[in-house]
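Database features (TrEMBL):
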{"type": "COILED", "residues": "24-114", "note": "coiled coil"}
{"type": "REGION", "residues": "141-184", "note": "region 'Disordered'"}
{"type": "COMPBIAS", "residues": "162-176", "note": "compositional bias 'Low complexity'"}
{"type": "DOMAIN", "residues": "183-292", "note": "domain 'ProQ/FinO'"}
{"type": "REGION", "residues": "264-352", "note": "region 'Disordered'"}
{"type": "COMPBIAS", "residues": "317-326", "note": "compositional bias 'Pro residues'"}
Amino acid sequence: MIEERPFRLMAALEGRADALLGALRDSRVQQDALRSRLTELEQRRVSLEAHNAQLAAEVREEAAQRQALASRLEALERRLADTEAARLELEEENRELDEQNRELEGHNHRLQERLASGAPAPVFQRPGRQARGLSALIGHHRASPASSDEHHDTPDAPTPPAEAAATDVGAPAATPQADLPIGEAPSPQALLRQWYRRYDAAFFKGHTRPLKVGIHEDLAALEPWPEKLVRRALACYVNLPRYLKSVREGAERIDLAGHPAGQVDAGAAEHAHKKLERLQADRPPKGKPGKPRATKRRSRARQETQASGAAAEPAARPEPAPPAPTAPATDEPDDSRLQRKLGELLARHNAR
C-alpha cells in the first residue's frame, strides 16, 4: 500500500507534465500563427500607405491639371474677347471707310457733271454722318485726314476760339498727368473705379448724365496710361444700361468738372437706344435655372466683349488731329483736292 502511493503520484505528475507540455506546444503554435498574421498585417499596412501616397499624388496631379486647364480657358476667353473686339473695331472702321468712299464718289460724280456743263465747281463739303460705337455714345466726331493736312499746310492760321476753349473745358482740379504715379497698368474696371473718385462730377454710380464731346481726349491728357486703356475704361462706363438710358435727344452733356458741354443729338440717342435694347435682349430672364458655371462665364465674357468692342474705337488708330480752319477753296483746285483725298483714304486703308 505504501509502495503503490509513490507510483500513483509519479504517474499523476507525469500526466500533468505531459498536459503542460502539450499546452506549451499549442501556445507556441498560436504564437507563431500570430506572428505570421502580424507580419501579413504589417505588409498590408505598408502597401496601403504606398497606395494612399500614390492616390494623393494622383489627386495633386489632377488638381494641377485642372488648374492649368482653368488658366488656359481664361487665357482663351481673354484672347477670344480681344479677337472679338478687334473684329468689331475693324467692322466699324470698314463702315467708316465705305461711307467716306461713297461721299467721295458722290462728290466726284457731281464734280464731273458740273465740269461737263461748264458750271463752276463747288467746294467739297462732307455731309455730317451719324457717329457709331463709342463715338456716338460720347458724341465724339473724328477729324478727317484732310483737315489734318490743311492744318499742316497753313501753320500761320489762327486757332479758332472754340478749339482753344475745347482744350480747357472740362479740366477739373485734378493732379497733372506728370505728377501721377506710374506703376503697373490697372484693368479698365479698376481705372473706372478710380475715375469715380477723382472725377466725381462727371462719373456717377447712381443718376448718370451724358458726357461731353471728345471727353476721352481730356482723360487721355490727364491720365498717365495708354489711350487704349483709357478708351476701354470709358467704354465700360458708356455701355452701362443706366448711361445708355441717360443718352436722350436734347439731354445736356457735361465735362469732367460737371459743367454743361452741349446736348445729345438724334444720332447718338438712337444708337444708345438700340444698344440698350440689344443688352436687354441678351440678358437671361429671371427665375429660370442657370446654366453651368463655365457656360455662364463664357456668355458673360462674350456679352462684355460685345459691349466694349462694339463701342470702343481701335486703339491702333492715329491720334485724331484737332479741327483746323478750312482753307479757302481757291488755294487748291477741286480735282487735285479730290485726288489727294482719295490717295490719303487708300493709303490709310492699305496701312491697316
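Keep in mind that glycine also has a Cβ here, set from the backbone N, Cα and C atoms.
TrEMBL annotations: computationally assigned, not manually curated.
Counting residue by residue with DSSP, the domain 'ProQ/FinO' (183-292) contains 54 helix, 8 strand, 48 coil. Per-residue confidence over the domain 'ProQ/FinO' (183-292) averages out at a pLDDT of 84.
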